[in-house]
């Protein structure tokens, strides 16, 4: 998405993307340069579309979200394809389950929706590394989004897997994909490598054919249009409601003198960053902006047919580690929720904004017959007490504790310090290195790495443990003798004071908060990028543990094992696990973390993403009902990074909660 500083309504006013000579075939989607409009099957055509990201929506909910978009009056959807979501390791592809993009596209066709496809290879979308696989950085000299041979080889390999799946679904082939975007806002990238764009154009044409409509999207800045456009790719622009539309489209006309005027993303909403205020936009303002655009399009019909595209129409959730980050003078990680203040909420519920938009659309075209599908059912399962439990003498876990009130689920708790279970989380053992290695050097894509060493001398007085500038990526949780001492943070606190004896253990748990998805450079390396020092004297002799937490949780740990029990709240990285039962239903819900600090939540092995209660604005994690088991135990695993409350409680609600920006302490407190 272009960076307009607003939340989300995309206006795809026209991306017709190739001029074809002669009579149209039986099925065709083309540009009419003479009349500055789209032609669908030879006739002038206008559509209204909105964005949805299948990777942010659980597969069981795809039909519900798409049907609500269709019933809102949309005739098309815009869809990104995140490369890193599918090619998880070099040559290892996953198109199953939630990643079955072909099933998603087939469902859009079944429901009568056209598709504008945006397959990248770079997509931005506030997604981890803009959709580029982190394993590209395993070659430290690679130059992303350029004609660099190593990068092009990886791109070509991916496109030869993806695009053959797309070709039979193109409109002229009998499918519903009417246009395809090449790259995304390339003009905003520093490289300005037209050879790269020529290479992509050749690859897309070779794999998709000559009839498909191809386009680019950039801002209205002259430099970005110069670097992001290419002959053979129809150039479109994006801008927000605060822009002067006449001036913005004048910029497009300077690179595309003929053809439809196209705003590929018109924003009336925006995303949330951790530590900033929750974004929201007036439904009245959004609806009025839409009506003004559609009226303008109708009044200049002979000059351009306007096609309305809302970014986002449904945002969804950044499950697991998929949230990206922006760099705007400092590192700005995106929240787990991608609600985007969109017409369909994070949970897929129609909002006031949706009904306002639907009313405007009804003034310009008939709406589908029938009512809007209702909100999905939610359930406030209530308070869940995470109580510590002990083992039976024979080694079996104690039975689950049941709440005394029937409306509450039941939960039992077991507990383990992260440093005590490294053998489980890193079964291959540590890697020895004189100095720290990055995640990329370790071939660790997501999550966490533990860096372990020892104090080389006695430190009887407070000494400064510090890191070079820009070398903490992104948060480091510091433990001395397994006691938590505080957190080092990118663009934040990078020093702590410590004391100890020679030989005392020093551990830093490094967390990747998401690679930069938009900015001058997407080569966002993670971990300790430089060596830590003690009073400016470098530390050495490291044991490095790349952690495979998700693999362990998905295989049943720690529920299949018996971590030690403990009493009272803990400070520092630790796992809290248990089970709870729902009252015979499995409905959507939201989990609040009262008194907790920062961490991750898994339910039944599914990674629901990060919480960061003390920083906000997001206070709850969305739990899709499809993740829960009705009538049998649900396994909960929480990794709390800085400290659980003395009485560890979770609260299941039937609605999300946000707050104003709050501040977290990055040092341990008594």
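Cβ atoms are placed via backbone N, Cα and C, with glycine included.
A TrEMBL annotation is a machine prediction, not a hand-curated record.
Taken from TrEMBL as is:
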SIGNAL    1-22  signal peptide
DOMAIN    38-363  domain 'Glycoside hydrolase 35 catalytic'
ACT_SITE  185  active site, proton donor
ACT_SITE  265  active site, nucleophile
DOMAIN    436-547  domain 'Beta-galactosidase 1-like first all-beta'
DOMAIN    573-632  domain 'Beta-galactosidase galactose-binding'
185, 265 as active-site residues, winner by CB count within 10 A: 265
Predicted model, mean pLDDT over the domain 'Beta-galactosidase 1-like first all-beta' (436-547): 95
Pairwise CA distance, residue 185 (active site, proton donor) versus residue 265 (active site, nucleophile), rounded so that it is a whole Å: 11
Within the domain 'Beta-galactosidase 1-like first all-beta' (436-547), residues counted as helix, strand or coil by DSSP: 4 helix, 58 strand, 50 coil
The domain 'Beta-galactosidase galactose-binding' (573-632) - residue tally per DSSP class, helix then strand then coil: 3 helix, 30 strand, 27 coil
